[in-house]
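Undergrad: Sharing a structure, written as structure tokens. Questions coming.
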Amino acid sequence: MKKIIAITGPTASGKTSLSIKIAKKFNLEIINCDSTQIYQQYNIGTAKITKEEMEGVKHHLLDFLPPEEKYSIYHFQKSARAKIKDINNPLFVGGSGLYLKAALFDYELTPKPLMPQNVCEQDLQKMLAIIKEKDPQLVLDTKNPLRIISSYYDIVSGHLRSQKTKKNVPLYSLLIFYLDIDRKELKNRVVLRLEKMLNEGFVEEVKNIQTNFPQANFNIIGYREIKDFLEGKYSITEAKNKICQKTMQYAKRQKTWFKNQLQPVVVDALSPSLEKKVFQLVFDFLHKRS
């Protein structure tokens, strides 16, 4: 079974720096697992690694999509698994847990269907009846029209959602690290990083995307708030406060999700022995017989 390592954790926890050290020491190639860093132009606000910071380490699925192009977790699953086949020693790096799980665990996503417009209540009830007949084991939120429509199209295309039960079965031999960090220290880092981003031209970056790529995705922490600031909805101070608040809320959800879904090796991001501990675990993992 192929061996794959992943470095996860909240923003500003040190994933990038540690990943480069691991990749260089063990001759690994990095597969980006940050759903925002796949896009071109989104550089400062996503803390995208620079060419200099890469130190010659090869990166995949990074900075390759035009800002207005649609790309889903389905596309990432296909792209990442293709990369895994091509790369001898992959190292996933990023905080997008759903993307990571889709790439590494035994379930297949299907393309999201185009949802029909103006579906009436009668149509939804017909769809529900077919779902209950064809897939009676499925537990479905019957008050969510999008869920009903999506489940219906799954059945029409021959996929029963209730049978997609292998979500916790890995396709590969995995070593997943989660960089844990004291919440107070994380907040300090988030505030400092945001100030650095603003000094480096984050506002100008958002303005450029707004002007040249009006259909681009702004539903990203930081980009949404700066866009609202540029549109006069609130001051830069309010925007900064909202960015920090949302980043910390997201970090809390991330931690819970990763621990529950992926059972990672949790390591202290602030520990003086972090590098030594991780290197030893990686060495043991790569050299043990699978």
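Here, residue 1 is simply the first one shown, and the rest follow in order.
The backbone N, Cα and C atoms fix where each Cβ goes, and this holds for glycine too.
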Undergrad: If Swiss-Prot is the reference, give me the range from 14-17, 34-37, 50-53, 110-113 marked as region 'Interaction with substrate tRNA'.
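TA: Going through 14-17, 34-37, 50-53, 110-113 one by one, Swiss-Prot gives region 'Interaction with substrate tRNA' for 34-37.
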Undergrad: Provide, as an integer number of angstrom, the distance between the C-alpha atoms of K15 (ATP binding site) and S96 (site 'Interaction with substrate tRNA').
TA: 12
Undergrad: Determine which residues of the chain contact the region 'Interaction with substrate tRNA' (34-37) at the Cβ level, with the cut-off under 8 Å and only residues 6 or more beyond its ends counted.
TA: 46, 48-49, 62-63, 73, 76, 93-96, 99, 220
Undergrad: Near T16 (ATP binding site), which residues of its chain come within a Cβ-Cβ distance under 8 Å, counting only those 6 or more away in sequence?
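TA: In sequence order, A47, I49, E53, V93 meet the Cβ cut-off.
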Undergrad: Under 8 Å Cβ to Cβ from S13 (ATP binding site), same chain, six or more residues apart: give me those in sequence order, or none if nothing qualifies.
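TA: Within the chain, S13 (ATP binding site) has Cβ neighbours under 8 Å at L179, D180, I181, L186, R189, A269.
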